[in-house]
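> Below you will find the structure I want to go over with you.
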């Protein structure tokens, strides 16, 4: 009679156990979590823990991910060094209070936490709403172990990067090995607590990025993060702790800071409307973020060409290398200071302070005392007075200095008094005259815009040729009928420029997605009031693109001029830009070879139209993956004509003193000598083709066997007879070998060092359209060595060192 009730009780107990392991946030010693879909979910359903497989991998890991993000994004992995090859994994808590991962029916641990419980019977595992997995005894908040003490590649709000000085415990980040392998990769991101705290990214033992010291507000002393409505930084610096952390400003925001397998550092936020992660802060955002790029005493400034310069009173240590854009030798004083002769200090403002690897800090010194202390020590090469740390003095050569557009700190460099006295000063009268003339010109332009605006508002639209008459380069051309949108229309279309509508950010301002009252979707490029794109570039882009009509060029629908606001309205591209797809291993799988080949051909046809067939013959000068937009059918559209130049049929090339473009795509003759021609665009096209074939960026390309960039790697494989090894492994196989080889060979012809060796776009298109063309053997490419590498594309103009994308006219991501 007792058998039936016992059976019922057992049956009822089974779903009760499943309920505990699937729906709750806690695991007790009597429970297990197996790899059959069971998970722990935090009480607010913000995070989830369970077994998972990374992208393109069959291995199984225990990890924590965002519960409310459909795209599974792990923030922490337990057994990152020891994967399970099947679904036999089991997670449990042991009698000693350790989390243990094993395979079913085996006792050898796959992974275990190093915790020890004084009361084993009451120890439990709990997944908190912060994403922290903890082992605790009873209801105690004194955790016996927590996952936040052992970060992987990600920080979420509440996690720390730094040190518990009393316990000598460090919190640091380590990248994944690859997208499909969470094992520790090449990059570590750690806080250096010595003297002035700063964070340092290393590739192995080599420093590749340094933030600069904490200045009381941010690392590096650079400009503040603009329009940051996502997170608040937290920095603790006392005798017991030194660490960085952050909190989201709004509870509804989902954000994370990650160091990826390529060493890129991004603070990202989840956009539920677009269903993707958006980068709001990208460190290593421009060329000058590379560690010690300009060598000792060299000043890296993305607003200058070349970007490395020596301070007053200094000269390149190796002048010939300097002319070749190899700056690592740095600068030396023209007159070395001698303690037996008078000396002083030269003030340089707006800097990221030098690396604090050989320095002393005295928090109690005034600026006067700091200067005197440095002057007394012949080994002291410079000093700074900071709000948070007081007096900082440097011994030995000053390394890794960069300049900012705004913000930054003051550095005082030791100099011979004779050098300080011989610095040339500009006559005050000349400066005053230039200032007055500049002021008159600015006022004239403002008045001109105001008058034009009032005329335009009375008509509702205007001939843009009148509004931009000074920018016309095609004398005799008729005025252009181009719609002029009013600010209210644009504001309504973009939901008052809502951050949710923001789909990209470039050096000259953000790009927003919008919808007109007619239902038509648009992309609005809103030029920042402080952007580097002035009236000339704005007129240039409007006039040029409004005259161009081709299926492989983006279409300009109109513009908006309202007081200081200047906006361009384009057709909306639902598949965003080429770099959004091609450089992401997951999204790149949507581009098979046939589609990639069609994109290559489409770009070639667009360039041929610009160079030969359009009413204005045009050199684009900034052809790159982020400037290739993709429509609903993945047809390519060349965009961003702010840097474009027209040329006559009898002009083989032009020269400019203002080199503007994107390193990694610029031809050697343009980057070094300022010479540009249609062959400069051909070089950029060749780089782009190699990126499309390989799915890798030219700049930031990494290979364990050599230090070449993508061009050098392709050239090496070509000479070794192994060009097919360049092909993106994420593409469906097999690929048409002859067609792929033809594209690689054509691309190598396009990136040859000498412009006269490169084919023109008519020849390029003939190579692409012919079944069995006879192609020449390529010669050595230009810019194929490591010194032209970097992690992200960075414009040579470098208008804003803290922008999150490429610093050119715009980067129309996410259209």
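Glycine is no exception: its Cβ is also placed from the backbone N, Cα and C atoms.
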> Quick check on the annotations: TrEMBL lists transmembrane segment for one of 429-451, 452-474, 475-497, 498-520. Which range is it?
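Transmembrane segment, as annotated by TrEMBL, spans 429-451.
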> Out of 766-790, 791-815, which range is noted as region 'Disordered' by TrEMBL?
791-815
> Quick one: mean pLDDT on the domain 'Protein kinase' (497-775)?
85
> Run through the domain 'Bulb-type lectin' (24-148) and tell me, per DSSP, how many residues are helix, strand and coil.
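Across the domain 'Bulb-type lectin' (24-148), DSSP assigns the residues as follows: 5 helix, 49 strand, 71 coil.
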